[in-house]
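Asker: Take this structure, written in structure tokens, and hold onto it; I'll ask about it next.
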Ligand SMILES: Nc1ncnc2c1ncn2[C@@H]1O[C@H](COP(=O)(O)OP(=O)(O)OP(=O)(O)O)[C@@H](O)[C@H]1O
């Protein structure tokens, strides 16, 4: 079995990179990288993230090798290492059963819905591999529909057909503003970025969120795109007041900490719904919070093998969406929002299956 040091060195050699180049790209001292490769030092988790990105290694896998390395180092000089490991193993088994405990906190109806969704997901995954052309056509269809609906929630007036012409054919629509065209093109680009993250097995992080918001606001709000706001905001028509700007750094740190601790515990559909709701409630950006949060939800869903959940932008659906968010924010009741997201995920899987 390869040690962490060997994995890192092999990956660097495979990329034909010298230590200095790797150091520069990761923002880590070159001497430190040499120590990682000689097994003299262990990287921090942030170092590991940077290394995995530059070396094109799956972070999830690298993190496992890294954790195993840490466990090994604790035990390497212990006489009773095997006994200690088996004690730890029984506690780890308890930890993974926590997911079942979290499921117990959910209502019976939502648990049944999640089981049904997972059955559909398995059916969808068993359809693969579809032929390339079929897959490309399906993607085009669902991506345009997603861009159309998400931008419609935001107030964009392009129709589904017009969105298709703008995004896929590069045609401009007479009578529609420059911003509406840009919003469509930007959203399509953000979907491509989200898909590339999934393909490269890159995880959700502050950098990814900033990039998503940047892509959404590109060419529309140069000053604020991808940056946390420094002014208070209100959400029109909502009883919920987003936090003051001076609280944002800490709240967003907690938000990502929550993601890191819950991502292996919560059911992925619940995790996606939560990270969406928490983000729009914090409302960290001046604009594009809704579109960015819906992309975050879909990034998490795609990462776990689900299909894109497309919340609709017609008036009734929009009101139901806002009401579900307010139920969490005002009454501390996430159930309605969980149902809304779960129903949307189920509908998406059914439509994908229908087309296979
Ligand atoms: N209580 C609430 N009522 C309505 N919207 C809320 C509420 N809480 C959070 N939001 C979110 O705020 C979003 C609007 O924020 P913002 O204008 O920054 O986002 P946007 O992407 O520009 O627009 P939109 O989300 O409407 O597409 C809503 O889409 C919704 O996701």
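Yeah, the Cβs are placed from backbone N, Cα and C, and that goes for glycine too.
Here TrEMBL flags 8-62 as domain 'HTH cro/C1-type'. The site 'Important for autoinhibition of adenylyltransferase activity' feature in TrEMBL is assigned to 154. Under the heading domain 'Fido', TrEMBL lists 204-343. Annotation comment: TrEMBL describes 283 as active site. Marked as ATP binding site by TrEMBL: 287, 288, 289, 290, 291, 292, 293, 294, 321, 322, 332.
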Asker: Which whole-number value in Å describes the distance between the Cα atoms of residue 291 (ATP binding site) and residue 154 (site 'Important for autoinhibition of adenylyltransferase activity')?
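Answerer: Taking the Cα atoms only, residue 291 (ATP binding site) lies 8 Å from residue 154 (site 'Important for autoinhibition of adenylyltransferase activity').
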Asker: How many Å separate the two farthest-apart Cα atoms among the ATP-binding residues 287, 288, 289, 290, 291, 292, 293, 294, 321, 322, 332?
Answerer: 25
Asker: What is the Cβ neighbour count of residue 293 (ATP binding site) at a 10 Å cut-off, with all protein chains included?
Answerer: 25
Asker: Across all the protein chains here, work out how many other Cβ atoms are within 10 Å of the Cβ of residue 332 (ATP binding site).
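Answerer: Looking across every protein chain shown, the total is 7.
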Asker: Cβ-Cβ under 8 Å from residue 287 (ATP binding site), same chain, 6 or more residues apart: which ones?
Answerer: 217, 220, 221, 224
Asker: Of 291, 321, 332, the binding-site residues listed, which put a C-beta under 6 Å from ligand 1? Please answer none if none do.
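Answerer: From 291, 321, 332, counting a Cβ under 6 Å from ligand 1 as near, the near ones are 291.
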Asker: Which chain-mates of residue 154 (site 'Important for autoinhibition of adenylyltransferase activity') that are at least 6 residues away have a CB under 8 A from its CB, listed by sequence?
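Answerer: Set apart from residue 154 (site 'Important for autoinhibition of adenylyltransferase activity') by at least 6 residues yet with Cβ under 8 Å, we have 183, 290, 291, 313.
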Asker: What is the one among the recorded positions 283, 291 whose Cβ has the most other Cβ atoms less than or equal to 10 Å away?
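Answerer: The most densely surrounded of these recorded positions is 291.
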